[in-house]
Amino acid sequence: MKEYKLENIRNFSIIAHIDHGKSTIADRLLESTSTVEQREMREQLLDSMDLERERGITIKAHPVTMYYNYNGEVYQLNLIDTPGHVDFSYEVSRSLAACEGALLIVDAAQGVQAQSLANVYLALERDLEIIPILNKIDLPAANPEKIRKQIEDYIGLDTTHAIACSAKTGEGISEILEAIINLIPPPTPPQETELKALIFDSHYDPYVGIMVYVRVISGEIKKGDRITFMATKGSAFEVLGVGAFLPEATLIEGSLRAGQVGYFIANLKKVKDVKIGDTVTTVKHPAKVPLDGFKEINPVVFAGIYPIDSSDFDTLKDALSRLQLNDSALTIEQESSHSLGFGFRCGFLGLLHLEIVFERIIREFDLDIIATAPSVIYKVVLKNGKTLLIDNPTAYPDPSIIEHMEEPWVHVNIITPQEYLSSIMNLCLDKRGVCLKTEMLDQHRLVLSYDLPLNEIVSDFNDKLKSVTKGYGSFDYRLGDYRKGAIIKLEILINDEPVDAFSCLVHRDKAEARGRSICEKLVDVIPQQLFKIPIQAAINKKVIARETIRALSKNVTAKCYGGDITRKRKLWEKQKKGKKRMKEFGKVSIPNTAFIEVLKID
């Protein structure tokens, strides 16, 4: 690394809604600072996963150090790229805590969107210097002045220093680099000499083990130091090496000092040992108080993941363990289902997190898997005063001992064009939402604030919102509190046998509609047998919906040519008795497609 001057360091992040050009601007900055040679350049360089490139999103935070000559001085610019999605908001808040400034990228044609709003508020809470960037000015629909006014009116940011640019053509990129140097302050000189470093991410490398990404606040960290983690009060570890992101992770001689961003490797075995937001200090001269803001990340959404072929169980176990090495928020617990066999109960930060894990298992490990319907954590308050936390219908206790149920609610902000207001209000009403306020964002768009049950969000809220707003609506949410709710267990019985994989916890008002739609779907996907099969939806043993798969009919009187009707009746009676016995002892085989089809039900 080049000469160290604290006043020449700039640590910044990029805040943007999905598809507003964050990764492309990062590419242009890397090009302009010659961090990456032209022949090695490719689109979305910091997005290392194929999934990130395809979806146009950032899943893991990717830091990079750039050097830029300006007015005869060399400046060290540390970009800490952050995930943009609401599922990863804690990671975003820790990445922002490692910075002094942020670039707010807004599409000059689309304007401010919900997820960029959420992250701007996180940056404002940290008192960061925010530079608005109006991207995509090369588009015919771009209206930078209108978007500038939108940022001033709704977010309350001064847009005097806003920069209009086009990441596609490279226009305005040098102005962005100059603004980073002139407007974002350097790190504050440390008041203490003891090591304090903020962990903002970690990564498992098969060759060197766990790489811990840090921003050094005070002191320095170097090879040979014995360090410990303050919030989790873990064991002591020896630092085996320190490095920087140039842009690839590269080991360096010397140390990481106050204000710098880099990583260290130690003899750490699991990512779970490293908590994002924790403070690193030395054993010899420990810091007195840790950095504030640390909290444990707990999963919010749960789902069962099962292999379609039961012989793939060990491969699935290995796949999940490997994913967990790089994803400390993913929780795994072995479980078994009467219908699906052995699998895993997994916890996720949100629906996008679930989708990403599901997709990575299929792609990277070539496995065929089934995921059960996503569920949230409910509180069950029992009559004896105890409280249970359940995320699985199989853990639902006997209804006679339940005092009441509580479900998690979230605060939701929806940004939409005005003409879709009534459609969104109907959608939120259908999802049991409570309207808090409606504000104008500009002449054409509104911000709606709602309280909604989390269970309604994790099912299909995003798809329905995109559908009713023709793709123009966006939303973000943050966890609120628990509230009483009439949550009940809906059981599905096939041939009078309950099938646990189809059971779910639903609100009483929606139970009948949900039960009916599952029964109707199963009638279409379960093949006919020689006996009729009843499919029932039941609550507490009371059937609320029923469909019947008709028996395959076999013509037992085909050999009777004319003749006496009593002969035919005797054969029909014998057939009826046989079918009755088959119904008692016959097993209904449920195809895998049935489980997948039920998951598709809204």
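We count from 1, first residue shown onward.
Each residue, glycine too, has its Cβ placed from N, Cα and C.
The following features are taken from Swiss-Prot:
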{"type": "DOMAIN", "residues": "7-188", "note": "domain 'tr-type G'"}
{"type": "BINDING", "residues": "Asp19, His20, Gly21, Lys22, Ser23, Thr24, Asn135, Lys136, Ile137, Asp138", "note": "GTP binding site"}
Worksheet item: Within 10 Å of the Cβ of Gly21 (GTP binding site), how many other Cβ atoms are there?
Response: 24
Item to complete: Using all protein chains in view, find how many other C-beta atoms are within 10 Å of the C-beta of Ile137 (GTP binding site).
Response: 21
Item to complete: Within the domain 'tr-type G' (7-188) only, compute the mean pLDDT.
Response: 81
Worksheet entry | Most crowded position, judged by CB atoms within 10 A, among Ser23, Asn135 as binding-site residues | Asn135
